[in-house]
Amino acid sequence: MSFKEQIQRRRTFGIISHPDAGKTTLTEKLLLFGGAIQEAGAVKNNKIKKTATSDFMEIERQRGISVATSVLAFIYKDKKINILDTPGHKDFAEDTFRTLTAVDSVIVVVDVAKGVEEQTEKLVQVCRMRNIPMIVFINKLDREGKDAFDLLDDLEQKLGLSVTPLSFPIGMGYDFKGIYNIYEKNINLFSGDSKKNIEETIAFDSLESTELENIIGNKAAEELRDNLDLVNGVYPPFDKESYLKGQQQPVFFGSALNNFGVRELLDCFIEIAPSPRAKKAEERLVEANEKEMSGFVFKIHANMDPKHRDRLAFIKIVSGTFERNKPYLHVRNGKKMKFSSPNAFFAEKKEIVDISYPGDIVGLHDTGNFKIGDTLTEGEALHYKGIPSFSPEHFRYINNADPMKSKQLYKGIDQLMDEGVAQLFTLELNGRRVIGTVGALQFEVIQYRLEHEYGAKCTYENFPVYKACWVQAEDPKNDEFKEFKRVKQKFLAKDKRGQLVFLADSQFSLQMTQQKYPSVKLHFVSEFD
Ligand code: G4P
């Protein structure tokens, strides 16, 4: 197969949802279609449950499992599909944001009864900002839920999407009869025991056919015709170009648990979803079909086995082919590196591969050379954009609880921050270290890992911060900026990359500061133009 064909057959995507909407179940059904797993339940444990807050071993165990399921790859109808895991738990949202830099499209799963939920809103917003093509799957149609049109409204109003349904439910919950596939023009009937079988479909050239009444009954047939008339009147026809630009989002209905509507979703997905796209580096736009290899680190995972402390860095290949034992330039530190055992991921396994293509994820063993956002190339100094830090939600001073182990503590903090577990801010005034996290759970994870992996002990102390804002001075030499730095010295810190950050203690003080120093721009994200 040619290099070009290899690129065109790849689909690298993420499934995003609020916890419990059915992401894991859907992932599993997709893998079943690909023949990548033999039975249901194989990826079931792929989530970190909040109940485990105080049970560190449980967190570790679950993290261990999530390494194995970070990337799930399989072949379906000759397409190479890479699903990147995106933790739904909000404490790990930052991990998900970063993973979204490595996907070419996403599937959004929404619970039919709950509609759009908080975590869906946040994640979809990130995808919208980046114009990532999205398909929506409304799940759990076997249960009573909201009216289909209300749900479509919800998607438009709460998520700001421009939707068009490509399938439509016939009944719901107890009365759920099946799904009309607008894209393929056929009906898929639901029967209670379809759990393992792939349903047979009935093609309809015209919905006016009286055959419809025979199959789903008079009332349902009339309702379906009315609903489809409404769909035609209200929603624009599906337009692939608009979908690819992130301007239109097709919607499917189904039930992942009952394997219903999943094949329709997958068949449409492989046809319309993009193959690996060009990616913007700071220097230029890099096309997937360029000959020279380039890729970037979007995730680092610590090894859970205490005897092997090395980590696994996940690289998304953007262009060219990644080959085993070939030297590549680590752009940040200027070193050439060779990798003798790059891992590729298949279903739940990882194995050493000789060659990987754009869209693939390669896992590289790392002894501390990589940070999230690092770029590998064949020599060109490229820096991939789009892996920003977001303002954390929780902030605490971190103190050394064992003065004999300060070296271990600082090494540990350093490495955990490289992995992206949390963010470190060093105060300008006194050099004290402040840890910022998205969720409270991370403080416990950090404390536990410092002790068990680095032999260091830490304690925390409250530090009330409302938001961390990255500072951009219109003119670093002007008096206003000097004045800002002098007056706000107590609230200024450097992040890990050395960027200046203002730690606002309240929304009020943030507003006042913005008003008082208009030429000093404050951003909630570390990347800005
Ligand atoms: P998540 O990864 O998005 O967090 O969700 P997950 O797939 O784990 O699904 C959450 C719950 O919803 C699970 O039930 C799952 O069985 C159920 N579910 C998923 N799809 C459907 C569906 O189409 N219909 C119905 N009725 N339920 C669905 P659970 O009781 O929390 O877990 P389990 O005990 O079944 O594993």
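Glycine residues also receive a Cβ, built from the backbone N, Cα and C atoms like all the rest.
Per TrEMBL, the features are as follows:
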type	residues	note
BINDING	17-24, 85-89, 139-142	GTP binding site
DOMAIN	8-277	domain 'Tr-type G'
DSSP on S17 (GTP binding site), three-state: which is it? strand
Which of these binding-site residues (S17, H89, L141) have a C-beta closer than 6 Å to some atom of ligand 1? S17
Segment-level pLDDT (mean, integer) for the domain 'Tr-type G' (8-277): 83
Number of other Cβ atoms within 10 Å of the Cβ of S17 (GTP binding site) across all protein chains: 25
If you run the three-state DSSP split on T86 (GTP binding site), which class comes out? coil
